[in-house]
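Pasting a structure here, questions to come.
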């Protein structure tokens, strides 16, 4: 029996829609772009290249046909500018709002810019999408919203206090989305991402995520630093699972809308386990790394453990993650080796 996602992938090429991806030059945005263009959809992309890269768009172009690429319209603009948002939303059926300044440490160092992008920018996008009468608005929420609540697995309706300015911004997004559905009858779905990883996730810069950062260090023969004792755990989610969730959410029925969903695999991996998984993944691709990890202080604003209950997304969206951590690492490694060597 076909999964809901497999059915959707069959349906979409027969009835192309217009999709807007904000943050299209970023990690998740460029993977959404690749999938939608390969499904013969029309895509508008908005990005200001604050954290996204032209090279991600160039890579997508190399992976699709010229005809598919001609279905893509890129707008260089900023979600903090309402005119840019209005321009991007014109004639769009589905919005996939990924643009944001990620990273807990970045938000601690510069809460004002995080607020301007993640809250003011989000509100601009809601207004523009509402006024353009789009069919649905799917946005990147975050597992950071669970804050200091100790319960595992994380269930959507039980959250704690935020532990960082970033977590505050992502929670405010959920509140605004909920209010827009109540006040304006506007359909939104929030996807609480848990530690997404995969191809095109940037290994460079001060705020690189753990998997690309460690992989880069290993390939270059540098030390790998673990904050804390290494028993901190996360629910790592390969990018293809996240793409699946976005497409299912955008096209979901009315009963599934105006809610938030955990998007993960529902499995916990400690940082120590992750270290060995990455080392093994590199070894399978002919890259050896013989150093042991270097442990240092636990990082401010980080939660100790994270594990998602994904039953709500499974039930209401038909979400069925296909890739666990080891499968995701196996798929991502050749890309990292090519990119970093």
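Any Cβ shown, glycine's included, is placed from N, Cα and C.
Model, not experiment: these values are computed from the prediction.
Here Swiss-Prot flags 27, 28, 47, 50, 51, 52, 78, 79, 98, 117, 166, 170, 196 as NAD(+) binding site. Look at Swiss-Prot and you will find 103, 142, 143, 166, 195, 210, 225, 227, 234, 299, 302 tagged as UDP-N-acetyl-alpha-D-galactosamine binding site. The feature active site, proton acceptor is assigned by Swiss-Prot to 166, with similarity to another entry given as support.
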From the Cα of residue 143 (UDP-N-acetyl-alpha-D-galactosamine binding site) across to the Cα of residue 98 (NAD(+) binding site), what is the distance in angstrom?
15
Could you tally the C-beta atoms, other than its own, that fall within 10 angstroms of the C-beta of residue 47 (NAD(+) binding site)?
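Within a 10 Å radius of the Cβ of residue 47 (NAD(+) binding site) lie 28 other Cβ atoms.
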Would you count the other C-beta atoms found within 10 angstroms of the C-beta of residue 225 (UDP-N-acetyl-alpha-D-galactosamine binding site) for me?
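Excluding its own Cβ, residue 225 (UDP-N-acetyl-alpha-D-galactosamine binding site) sees 13 Cβ atoms within 10 Å.
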Measuring CA to CA, name the entry from the binding-site residues 195, 225, 302 that ends up nearest residue 166 (NAD(+) binding site).
302
Across all chains shown, how many C-beta atoms besides its own are within 10 angstroms of the C-beta of residue 196 (NAD(+) binding site)?
25
Rounded to an integer, what is the Cα-Cα distance in Å between residue 143 (UDP-N-acetyl-alpha-D-galactosamine binding site) and residue 78 (NAD(+) binding site)?
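For residue 143 (UDP-N-acetyl-alpha-D-galactosamine binding site) versus residue 78 (NAD(+) binding site), the Cα atoms are 25 Å apart.
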What is the interatomic distance between the Cα atoms of residue 51 (NAD(+) binding site) and residue 103 (UDP-N-acetyl-alpha-D-galactosamine binding site), given in whole Å?
11
What is the interatomic distance between the Cα atoms of residue 47 (NAD(+) binding site) and residue 302 (UDP-N-acetyl-alpha-D-galactosamine binding site), given in whole Å?
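Checking the Cα atoms of residue 47 (NAD(+) binding site) and residue 302 (UDP-N-acetyl-alpha-D-galactosamine binding site) gives a distance of 28 Å.
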Given residue 103 (UDP-N-acetyl-alpha-D-galactosamine binding site) and residue 196 (NAD(+) binding site), what distance in Å do their CA atoms have, once rounded to a whole number?
12
For the binding-site residues 78, 302, which one has the sparsest Cβ surroundings, going by other Cβ atoms within 10 Å?
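Counting other Cβ atoms within 10 Å of each of the binding-site residues 78, 302 gives the minimum at 302.
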Residue 196 (NAD(+) binding site): which of the binding-site residues 225, 234, 302 is the nearest Cα neighbour?
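If we rank 225, 234, 302 by Cα distance to residue 196 (NAD(+) binding site), first place goes to 234.
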Taking the Cβ of residue 195 (UDP-N-acetyl-alpha-D-galactosamine binding site) as the reference point, list residues of the same chain whose Cβ is under 8 angstroms away and which are at least six residues distant in sequence.
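Residue 195 (UDP-N-acetyl-alpha-D-galactosamine binding site) has long-range Cβ partners 143, 209, 210, 234, 235, 236, 237, 264, 306.
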In Å, rounded, how far does the Cα of residue 225 (UDP-N-acetyl-alpha-D-galactosamine binding site) sit from the Cα of residue 27 (NAD(+) binding site)?
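Just about 23 Å between their Cα atoms.
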Return the residues near residue 27 (NAD(+) binding site) by Cβ distance under 8 Å, restricted to its own chain and a separation of at least 6 in sequence.
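Correct list: 56, 196, 198, 200, 201, 202, 239.
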Reported as an integer number of Å, what is the Cα distance between residue 78 (NAD(+) binding site) and residue 302 (UDP-N-acetyl-alpha-D-galactosamine binding site)?
29
